[in-house]
C-alpha cells in the first residue's frame, strides 16, 4: 500500500536539494546559514519518520528544530538573486500557451479529490491501497508529481532542473515562514502539555452559563476571534481554544460533529484575522503595496464584514454541528 | 495560572514585531519550563511536535510546478483573462474579483494570486479606472483610498473564506494534524473542508453586498465633493466574445 511517509521523504529530498543549490549560489551572501537551514529542515523531515515510529530519540530532532530557529534569530537566512520571470518571458509564455497554463495547476485539486473520494475506498487484498486517514495527503503528493510531469511535457523547459530551481525561488521568497505553521502546531501541543488549555478552560467555565450549548458555541467562536486578534494568527488560537472548550465541551460533552465544530471554529478565527494589524501580511502589507495614507484602511473596510460573519459562524455551528 | 505567561509572551512578541518563528520557539521553551518539564522533555516535545505536524508543510510539494508555470506566464494569462472585464463599475468589478479569488482559492490556487501579484498591478488600477470613468479624473484622495481599501479587502476576504474549502491548505491540515495527535481522533481532511462551504457562502453574501453598495457610497462621496456623476457607460459591444 502507498504510505504518506514516502511523500514526507520526497519533501525532505526537495529541501535537501534546495540546500545544495543554495550552498552553490554565489549570489546569496548568506548561503552557508541558508543552506544549513534548508538542509536541517530536509534532514528533520526524514529523521521524523523514525521519531514517529519510536525507533529514534525525539530530543535530537527537537535540538535540530531549535538550531533552525537560532539560525533565523541570528539573521543567517538570506535569499539569492534568482531572477523571477521577466515580463518578456511571461508575455511570450501567455502568447504561446494561453489558458493551457492553467492545466497543471488545475491537475492538483482534481487529483487530490480523486484520491480522497475515490481511491480511498479501494483495497488491495486485505489492505487499503492508500494509508488510512492520509488519503488526501497522498493525493496531494501524487498530484504534485503528476503536475510537474504534465508541465514539463507541455512547456519543455531548457533545464531538467527547472522545476527545482523555480521551487527554490518560491521557497526562498517564503523563507522561514515555510515552517511557521508547523512550529505553531508544535507550540499548541506544548501549550496543551503544559496545561494552558486547561487554565483557559477553567477561566471560560466561570464565564460560561451552566450547560448552555449556545453559550458554549458563542464562547468558542468569539474566543477564537479574540485570541486571533491578539495573536494575529488563527493557527495559534486554535489549539488553545480547542483544548479549552472546543473538544472537551462542544465535542465530548455536547456530542458535536468534530469536523464541523473545528472547521467552523477555525473560520470564526479568520474573522478575527480580518480585524487585526497583528496579521501584518494580510492587512498591513496590502496597505503598503497600494501606498495608502491610512495603514488601517483595509482593516476598516473588513471589520463591518467580520462582525456579521462571526455571527453567521456562531449560527452555522449551532444549527449544523449538533 | 503561571503557564499563561507563555500566551502573554506570544502576544508581546508579536506586538513588538519580533520574528514570529523566534517568538514561537522561545514561548514554547519558557512554557515548557513553567509547566515543570525538564530540558530533555522540552526537546522531546519539540521533536515530537515537529514530527507529528509535518503534514502542515507538505504544501511545498506543489511549489516546483507553480514556479515553473509562473515562469511561462501564468500570471500574465490570469491578467489577460481578467482584463476582459474592464467595462464594469468599481463595485461590480471587485464583486467579480472576489468570486474569482474565492473559487480559485477553493481549487487550491490561494497562493498564486494575492496583493503583490494581482491587486496592485491589475485589480486596483482597474477599479480606480472604473471610478475615474464615472466621476472624472480629478478623483479626491478620500475616494482613491476607499477604492484601495476595498480592493485589498476583496482579495483578503476572498482568499480566507475560499482556501478552507481546499483540502490541502495549511489550516485544514493543522486542524486534522492537531486534533488527531492530541485527541486520537481520525478526522478526514475532505470532510473538514466541506464544512467550510456554508461560511464561504455567507462571506460572499456579506462582503459582496458591501462591495455592491460601494458604487452608491462612491456616488455619495462624489456628490459631497461636488463632482457630477456621469451616467454608466453602455455595456461593451464585444462582451460576448
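Glycine is no exception: its Cβ is also placed from the backbone N, Cα and C atoms.
In TrEMBL, annotation is done automatically, which means it is predicted and not curated.
Residues or ranges marked as transmembrane segment by TrEMBL: A:6-24 (among others). Listed by sequence, the residues of this chain that lie at least six past the ends of the transmembrane segment (A:6-24) yet keep a Cβ under 8 A from its Cβ atoms are 31-32, 34-39, 41-46, 48-49, 80, 137-138, 140-141, 145, 164-165, 167-168, 171-172.
Taken from TrEMBL, the feature transmembrane segment covers A:36-53 (among others). Cβ atoms under 8 Å from those of the transmembrane segment (A:36-53) belong to residues 5, 8-9, 11-19, 22, 60-61, 64-65, 67-68, 71-72, 76-77, 171, 176, 178-179 of the same chain, restricted to positions at least 6 beyond its ends.
The annotation transmembrane segment is assigned in TrEMBL to A:59-80 (among others). Nonlocal intrachain contacts for the transmembrane segment (A:59-80), taken as residues 6+ away from its ends with a CB within less than 8 angstroms of a stretch CB, comprise 22, 25, 27-34, 36-37, 40-41, 43-44, 47-48, 51, 172-173, 175-176, 179, 183, 186.
Under the heading transmembrane segment, TrEMBL lists A:101-124 (among others).
If you look up TrEMBL, you'll see A:136-155 (among others) marked as transmembrane segment.
The annotation transmembrane segment is assigned in TrEMBL to A:176-197 (among others).
Residues annotated as transmembrane segment in TrEMBL: A:217-247 (among others).
Positions annotated as transmembrane segment by TrEMBL: A:259-279 (among others). Listed by sequence, the residues of this chain that lie at least six past the ends of the transmembrane segment (A:259-279) yet keep a Cβ under 8 A from its Cβ atoms are 220-222, 224-234, 237-238, 241-242, 246, 250-251, 295-296, 299, 302-303, 305-307, 309-310, 313-314, 316-317, 320-321.
Taken from TrEMBL, the feature transmembrane segment covers A:299-321 (among others).
Non-local neighbours of the transmembrane segment (A:299-321) in the same chain are 213-214, 217-218, 220-222, 225, 250, 256-257, 260-261, 264-265, 267-268, 271-272, 274-277, 283; each lies 6+ residues outside the stretch with a CB under 8 Å from one of its CB atoms. Sequence-distant contacts of the transmembrane segment (A:176-197) (same chain, six or more residues past either end, CB-CB distance under 8 Å): 37, 41, 65, 68-69, 72, 77, 233, 235-236, 238-240, 242-244.
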